[in-house]
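Here Swiss-Prot flags ASP8, ASP9, SER39, ASN92 as divalent metal cation binding site.
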Amino acid sequence: MRILLSNDDGVHAPGIQTLAKALREFADVQVVAPDRNRSGASNSLTLESSLRTFTFENGDIAVQMGTPTDCVYLGVNALMRPRPDIVVSGINAGPNLGDDVIYSGTVAAAMEGRHLGFPALAVSLDGHKHYDTAAAVTCSILRALCKEPLRTGRILNINVPDLPLDQIKGIRVTRCGSRHPADQVIPQQDPRGNTLYWIGPPGGKCDAGPDTDFAAVDEGYVSITPLHVDLTAHNAQDVVSDWLNSVGVGTQW
């Protein structure tokens, strides 16, 4: 199995390094990751400037100022030959649950892999300690995929409780929960008296029902949420069409 491995925490982050070491025991792994933390970069792609890469002695490649999406795009289309069999993103330092997937560079890297035609996993740890647990879970899933491919055409968003492996209760297939809207902005002043602003933490849980990713992780289970790229709200199409007809938009300007 040939794996393109990326993340949004940066090439030196403990999550990606722990996972790379574990994956290399049974797979051919090429790391292509940002040279710095690009958390929250979502699906952004660098179009207005060129991208430089740096290759380390162990073969890992850092993309200078690159986003997670840049890294997977370059990895698939230029840097990994032969091309990968699968794209894996992670292990992220912290969860990507519910609405987090909108902003997540970790999920975006997997999404780019799927967009380019490859199976893709995004892996996040609900904390900053037991990366070995998340690595073991990921390896188990990938070994299973080797034996029997999962032909859903979907991204698997995997969130792992920050627990020792022997305390993980199992795996649940879940849906995305949701958070309350975030509203915290933290102002500061620089030495010249100019105001600086920091984006605050995400909102608290809003929908954390028993079938959600939030609930699974809170209860000690690995959460696997299948994600797809199509953002169309199919069940709203008729409602919008009826509304347009009723208000006359499209027949008079």
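Don't overthink the numbers, they just go from 1 along the chain as shown.
In case you wondered, yes, glycine gets a Cβ from its N, Cα and C as well.
Keep in mind that what you see is a predicted model, and the values were worked out from it rather than measured.
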| Taking each of the binding-site residues ASP8, ASP9 in turn and counting other Cβ atoms within 10 Å of its Cβ, which one has the fewest? | ASP9
| message | Using a 10 Å radius around each Cβ and all protein chains in view, which of these binding-site residues has the most neighbours: SER39, ASN92? | response | ASN92
| task | Note the Cβ centroid of ASP8, ASP9, SER39, ASN92, the recorded divalent metal cation site, then list each other residue of that chain whose Cβ lies within 8 Å of it, in sequence. | result | ASN7, GLY10, ALA13, GLY15, ASN37, ARG38, PRO68, ALA93, GLY94, SER104, GLY105, THR106
